[in-house]
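Asker: Below: one structure in structure tokens.
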Amino acid sequence: MARLALSPVPSHWMVALLLLLSAEPVPAARSEDRYRNPKGSACSRIWQSPRFIARKRGFTVKMHCYMNSASGNVSWLWKQEMDENPQQLKLEKGRMEESQNESLATLTIQGIRFEDNGIYFCQQKCNNTSEVYQGCGTELRVMGFSTLAQLKQRNTLKDGIIMIQTLLIILFIIVPIFLLLDKDDSKAGMEEDHTYEGLDIDQTATYEDIVTLRTGEVKWSVGEHPGQE
């Protein structure tokens with residue numbers, strides 16, 4: 001009886017067929033995922049420049065906001081702490097100024113102060129739709145000379161550190177030296193106390209018991225050597 005012979009199929013074709021039957025469908029990549037904005041980041045429609053500014057007090061800084069389209073009004077938001085929500089920035093006349101030219105909006109702050117520290121966001125609201133786009137933010141850090149209160153605080157801190165160092169020196173250097181000196185003095189006193197230890201006072205001879213040494217007569221005359229006869 002003739003047996004049925006299976007046609008030889010390459011193993012890699014079978015593996016590929018099994019993978020196609022068992023694998024989940026892979027979603028097609030969207031065009032916006034393939035072509036990301038090279039100038040910005042996750043804030044797709046608008047981006048800010050620079051992302052961080054550090055200037056001394058009294059300088060003038062500018063923050064730029066670039067947009068894909070010029071349609072819509074641009075406003076600026078500001079928050080001082082990271083965990084706060086951005087609030088509408090109140091422009092001070094003569095010191096803060098905002099300008100918009102087609103796809104570029106600029107915020108200018110003159111004579112920056114410590115109160116201007118924070119993160120600034122540009123926000124665009126389109127005219128045709130209700131969509132609102134917000135930039136990633138620009139952090140401003142104002143640097144300058146310390147105030148009188150800060151100087152006093154630093155001086156107090158320095159005095160405290162010096163006091164702590166002095167106490168540590170006394171504790172770890174001077175105190176051990178005094179302890180060693182005190183130990184040496186006590187050791188010398190103990191040696192003096194043990195000088196007459198074991199001596200029985202009752203058995204010692206008194207002054208009257210001391211026998212007077214009497215010298216005998218000399219057998220040789222002056223000038224004669226004792227070895228001569």
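Every residue, even glycine, has its Cβ placed from backbone N, Cα and C.
Okay, these came from Swiss-Prot:
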- C43-C126: disulfide bond (DISULFID)
- C65-C122: disulfide bond (DISULFID)
- 160-180: transmembrane segment (TRANSMEM)
- 181-229: topological domain 'Cytoplasmic' (TOPO_DOM)
- Y196: phosphotyrosine (MOD_RES)
- Y207: phosphotyrosine (MOD_RES)
Asker: Return the residue, from the listed disulfide-bonded residues C65, C122, C126, with the maximum count of other C-beta atoms within 10 angstroms of its C-beta.
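Answerer: Buried the deepest by this measure is C122.
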Asker: Between C126 (disulfide bond) and C65 (disulfide bond), how many Å separate their Cα atoms?
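Answerer: Here the two Cα atoms are 15 Å apart.
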